[in-house]
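Some notes on the structure that comes next.
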Amino acid sequence: MANDPRKLLVTCALPYANGSIHLGHMLEHIQADIWVRYQRLRGNTVNFICADDAHGTPIMLKAQQMGITPEEMIAAVSEEHQKDFAGFDISFDNYHSTHSEENRELASHIYLELKKNGFISSRTISQLFDPEKEMFLPDRFVKGTCPKCKSEDQYGDNCDNCGETYSPTELIDPKSAVSGATPVMKDSEHFFFDLPQFESMLKEWTRSGSLQSETANKMQEWFESGLQQWDISRDAPYFGFEIPGEENKFFYVWLDAPVGYMASFKNLCDKTEGLDFDEYWKKDSSTELYHFIGKDIVYFHSLFWPAMLEGSGFRKPNNVFVHGYVTVNGAKMSKSKGTFVKASTYLKHLDPECLRYYYAAKLNSRIDDLDLNLEDFTQRVNADVVNKIVNLASRNAGFISKRFEGKLAENFAEPELYNEFVAAADRIAELYETREFGRAIREITALADKANQYVDEKAPWVVAKEEGKDQELQEICSVGINLFRVLMTYLKPVMPALAARTEAFLNQELTWEGIAAPLTGHEITKFKALFNRIDPKNIEAMIEASKEDAAAEMAAKEKAEAEKNKASQTELDKDPIAEEIEFDAFAAVDMRIARIISCEEVPKANKLLKFQLDIGGETRQVFSGIKSAYKPEELEGKLTVMVANLKPRKMKFGMSEGMILAAGPGGSDLWILEPHEGAQPGMRVM
C-alpha cells in the first residue's frame, strides 16, 4: 500500500423504491462493504454512499394503487431498506434518495451544461396515450397481440412467446395496462442526449484496461452496432424532476438516478466538516471513484453515465465493478419454493455474518452468477467458521483463563510458525484489493487448518495433566490464541460483528499493522461463545416464512386485481381452448424428445435464446422466446420436447429448425416441458 492514504468514493447501485430488499440485492452490498471495510482497515479514507432510486412511472402508479402519495411510499420504503442494510452491517456513510433537492439541483445543472455544450436536441415523436388516465404510456404499460406470432397479452416492446421486438404502435388491439382503455396516438416533443458524440471518448475509456474484460467486450459489441441518441424526457404525469425551462416535461428516471450518487455524496459533504464535494467530482480529481453494480445495468453505467459526466465537466469513474446474479439451490429465486428470500426474513432466522461469509467464499472479480446452495451454505459456515476458526480460540482460551488468570505467555514459542501466518498478509491483501474474495477465504482457511494442526500435535489437554509443564501449556495456548488473532484480522472485512466480539475477547483492536508482532504477556478476557453454528431447522423456517410472505403478497395482488377487474379470470378465460381438430391433423405434428446441447443469448434480441438440440442422430438449431424465464446455463443438458417437422423459419438471427414446447402465461412465468429420465433424444412423443 502507498504511504499516503488513498481517498475513495464507493457506491452501490441504487435500489428501486417500490419493493423490498432480497438476498439478490445483498450480494452487491455485501461485496462492496467487504471491499470498503478492507480499504478502511488499510488506513485509506473511504466515503461509502448509496440512495433509493425513487422516481418513475412504476412508483407513481403503485402509490396510486396504495392510496398514498409517492412521497409517502418512498419514505416508508427508504426506512425499510436502511433497516435491512443495517441488519447486514453494510457500513454506508450516507444513505439518501434521488427525490432530494441535492439531486434536483445536480440533475438540472448537468442537463443545462449538456445543453449549453450542444449535446441536447429535441424532436417530435408519436406515442401511445391513455385517454382515460391522460398519460403517455411507456412500452411496458401497453399490452396487446404480437404482430408476428399473434400471441395475446404481450408487452409493448417485445413478445414473450416468439421473441419478436417491435414498437408499441405495432401491437394488434393494444390496451393500456393502467386503465384497460384503448390508447390513441399523440405527438409529443422529446429531448435527446447525443451519445454518439462521445464514442471516441468511450472507446478510449473502455480500452484503458481498468474495466472487467467482460464489460469491455460487451461495450465493443455496442460500438459495433452503433450508438444511438438517448431519449431523456418523459411527459406529465410523471413522478420525477421537471426539466428546466420546459412545461410538463420530466427527466427520465435513468438520467437522474446515477446523479443520485453525486447527490448522496453532496448531502454527506453538507453535514461533514472538511469533506469537499469538488475534490471528489472535479474533472482532474486525484481521488478514486468506484461503482459496484449488477450486470443488468451495465449499459447505463458504462455508456450514458460516463458520457454525461464528460459532457458536463465532471470526472469519470475509475472503474465499474460488475457482478452476476444470485441463484438458490441451482435455480433462479422462486417465491413458490420459498427461495425468494427478503433480507428482513433472513434476519429473523439467521445470522447475517453467515451470509456475508458464504458470499465472500464464492465471490471473484468476474461477472459470474453465484449460487446460494443452502446445504453447502450450512456445511461451509459450520465447518470453516465454527469448527476451524472460532474453535481455535475456544480450545485454548479455557486453559489461559483457568490456569494463568487470563494472561498470555511472556515468551512466544513458535516465531517461525507465526511469521508464516504474517507473511500471508500481502497475498491476502492483494486478493481483497482485486475482489478475489473467494481466494482470500481459501488462504485464510488453509492457515486455520495449519493452526489447528499445531494445536492437535501439541495437545494442550494432555500437557495440562502433566506435572511441571505449566509454562509449556501456557506457551502452546498463547500460540493458538495469537494465530486466531491473525486469522480474525484477515477476516475482519468479511465478518465485522465476529471481529468486534473477538476484539472484546482479546482486549485489543484488530489492525492490519498490529499482527506484525504476537501478543505476549497480554491479558485477555474470559472466553464467551463467539459464534453459533447454523441449525438447518432455521433455514427450513426461513424458507417456510418466505413461502408465507409470497402467498400473502400474491393474495393481496390477486385481491387488488380482482377489485380492478371486478372478477377474476381463469386460464381458460384468458386463453380459450381452440376449435376441435381431427386426429389426423394432430398426428401430422411430429414431436420428439430433444437434449439441449447448448443454449446462449442472442445479441440485440431481448427475449430470444438460441438452442442446439440433439434429437437422436441429428442436431437442430432452434430459437425460442423464453429468455425472461431462464438463464442459458440452467437449460444445458436438460431433456425437453420439440416440434421436429415444423417448416424451418428464417429469422433475423438465423434459421430456426423447429419449436420448443413451453407452458405458462409468458414473461418469467414460462416452463419448458421436461420429460422424465428414461426418455431418450429422438423418441416420438405420442
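Note that the numbers count up from 1, one per residue, in the order the chain is shown.
Including glycine, each Cβ sits where the backbone N, Cα and C put it.
Per Swiss-Prot, Zn(2+) binding site is recorded for C146, C149, C159, C162, and the stated evidence type is sequence analysis. Mapped onto three states, the DSSP output places C162 (Zn(2+) binding site) in coil. Cβ environment of C162 (Zn(2+) binding site): C146, K148, C149, S151, G625 lie under 8 Å away, each six or more residues apart in the same chain.
According to Swiss-Prot, the ATP binding site annotation covers K335, on the basis of sequence analysis. Over all protein chains present, the Cβ of K335 (ATP binding site) has 15 other Cβ atoms lying within 10 Å.
The domain 'tRNA-binding' annotation in Swiss-Prot covers 585-686 and is backed by sequence analysis.
Annotation comment: Swiss-Prot describes 15-25 as motif ''HIGH' region'. DSSP states for the motif ''HIGH' region' (15-25), grouped as helix (H, G, I), strand (E, B) and coil, give 3 helix, 2 strand, 6 coil.
Per DSSP, the secondary structure of the motif ''KMSKS' region' (332-336) breaks down as 0 helix, 1 strand, 4 coil. The annotation motif ''KMSKS' region' is assigned in Swiss-Prot to 332-336.
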Original post:
Expressed to the nearest Å, what is the distance separating C159 (Zn(2+) binding site) and K335 (ATP binding site) at their Cα atoms?
Top reply: 24
